[in-house]
């Protein structure tokens, strides 16, 4: 028996553990003193040009890839779209509340044209202030649902009233646009601004179950919303005289008042 043959015999005995029989699984030597079963992936497969199968490459059981929420591009664009739509509607709510509570001519004339009672602008102004704060504030999912619903009724109601009176697109397109932006903001709001029951199924499966607080207590989380609200309300108050003059010209153009 040569040295090579003896080495092969010893290696084979190590592979089989000194026991042979029909119930013993076959094992083959890898050439480096290691014995593996034919059912075990070959660790040298990469060197031989074959694919290496690992558990990392296998799809997770019960998990399916979602073409929308799972897209990396959409994950980057979603918060941008949400905050763009949100800032637009909050800016409109801030300006609208200032105009309404200051009772500029445009608000009084438009309310009379649409048939609203004389006290409606004051109720609407207070509601718009509350809605702007609720939408910008962190968390508060229940309050946000009411705020989004209220703004939707406000803007869609204005569209319906203008169409009923036969007004042109210049009068009902702006509230329609704000209603659409409100729907976009509502649909794209992050998980911490939703009820757990209204979160996307894909995100609910991917994210760990965490009990969300309804009220945000961290001052840092309130810093940006408060700053945005202060800027928007300050700008609306500062531009009120110019807005009054411009909207009065609109009322004259629409024939609601005479100059």
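Positions of Cβ are set from backbone N, Cα and C atoms, glycine also.
TrEMBL annotations: computationally assigned, not manually curated.
Range with TrEMBL annotation transmembrane segment, chosen from 100-118, 119-137, is 119-137. Record note: among 4-36, 37-69, 37-69 is the stretch given as region 'Disordered' by TrEMBL.
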